[in-house]
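For reference, the structure discussed in these notes is given below.
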């Protein structure tokens with residue numbers, strides 16, 4: 001079938017070159033024709049090679065994409081930008097910064113302290129994977145990485161809450177500071193849950209929406225709990 | 001997705017309607033949901049009494065047609081709607097005397113959603129409530145320094161998931177073994193047992209939250225109350241499966257089920273929640289030069 005024509009063409013080409021080789025030539029032979037090298041599915045926005053652009057441009061493009069998604073999370077509207085071009089840089093940055101900020105907690109005994117870095121990391125990523133699997137098993141139409149992307153990005157309000165909590169704790173750790181922290185964490189928890197629900201709810205079958213939203217609620221509740229119970233040494 | 005909305009509305013309005021979905025080859029027609037989920041039909045119980053196992057086996061075989069390494073196989077365990085999950089939770093909290101939880105609510109559609117997420121919620125409910133309760137108990141004491149006790153979450157998770165999966169496994173193995181010796185009328189598949197156990201743990205969630213109240217009497221009343229409710233669900237489910245067996249073995253099985261359930265509740269109460277009102281042993285404060293000083297209250 002398909003293998004035959006190239007062979008024939010090769011033989012033909014070899015024969016032609018052999019003929020050409022016999023001829024003595026003193027000048028260059030101009031050969032014209034078209035060479036098309038298939039590069040896979042041509043993407044409409046990459047008709048230029050990104051290999052030659054300066055590194056700064058490459059990094060800035062990715063940073064801008066991440067920044068745009070952050071803005072989408074802070075002002076959640078039903079836009080598909082977060083879903084269409086998913087990336088996991090944002091969630092990684094958020095997860096690492098949240099886990100780092102949760103360090104330095106009370107370390108009287110290693111047994112009873114707050115969550116370690118690895119624990120926070122595992123909870124966030126494992127929790128996001130489990131929620132994604134749950135929504136896919138219930139019949140959701142969203143893809144695996146899109147869901148991870150949304151859940152990861154919606155940790156942003158809680159990271160902001162952690163930052164605020166640490167600043168408030170610098171000022172003092174009495175009852176007033178606790179109430180302030182409680183209100184901030186509650187507000188950010190509601191914001192995270194609502195933002196992720198706004199993005200994810202549409203891809204679920206209508207009579208199972210609550211079944212999908214509840215684990216998301218639990219996930220952000222656990223993260224909020226870790227933030228709220230953070231006590232410095 | 002307009003047709004989904006219409007279908008959902010129609011189904012919600014008339015749950016007994018016959019609906020057929022033609023989306024997936026491994027999907028079974030939903031007629032069995034409409035027909036079988038009718039709590040309160042006495043004759044159904046009688047009818048299903050004699051050939052329950054046959055019907056269960058038949059429908060179970062019909063359902064899990066996809067091979068176990070495909071995603072569709074696991075999707076069959078999540079084939080529940082919101083109202084079904086809520087119904088099952090309600091059935092586990094308000095046991096109707098004489099009605100079997102599996103026959104009434106699960107009806108050959110055991111789901112893994114309920115057991116998994118109820119266990120997850122229970123783990124965090126116990127950990128968070130325990131932490132809160134300890135905080136409130138020791139609030140006034142000058143030597144008390146609040147710790148989040150995050151380790152206890154992993155311990156709670158291990159305990160509860162082990163209970164929710166290993167005990168059903170043991171029970172299923174035991175029932176299978178007895179089935180080979182004595183022809184039992186009622187037999188349950190492994191998934192159904194996991195389902196019953198998972199949903200029966202639901203009552204412990206509000207119990208754990210109420211355990212924050214630092215009064216011993218309140219806590220023990222809660223333990224007894226929740227044990228009665230969920231224990232009765234378990235007993236009413238498993239008694240028909242063992243009653244044809246040797247009397248002593250049947251009673252021993254049911255007693256073991258209830259005992260393990262009680263052990264879980266009491267164990268969680270004892271480990272995660274400090275005793276209130278007692279003279280709490282003075283906290284040990286490690287000091288830098290290596291000596292340990294205990295402050296006497």
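Glycine is no exception: its Cβ is also placed from the backbone N, Cα and C atoms.
Remember, TrEMBL labels are computer predictions, not curated facts.
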Range annotated as transmembrane segment - as stated in TrEMBL, picked from B:90-111, B:112-133: B:112-133
PLDDT averaged over the residues of the domain 'Yip1' (B:93-265): 86
Cβ contacts under 8 Å made by the transmembrane segment (B:249-273) with residues that lie 6+ beyond its boundaries: 126-127, 129-130, 133-134, 152, 155-156, 159-160, 163, 167, 171, 174, 178, 200, 204, 207-208, 211, 219, 223, 226-227, 230-231, 234-235, 238-239, 242-243
Positions whose Cβ lies under 8 angstroms from the transmembrane segment (B:189-214), at least six residues beyond its ends: 56-57, 60, 77, 88-89, 91-93, 101-102, 106, 110-112, 114-116, 118-119, 121-122, 125-126, 129-130, 132-133, 136-137, 160, 163-165, 167-169, 171-172, 175, 222-223, 225-226, 229-230, 233-234, 237, 261, 264-265, 268-269, 273, 276-277
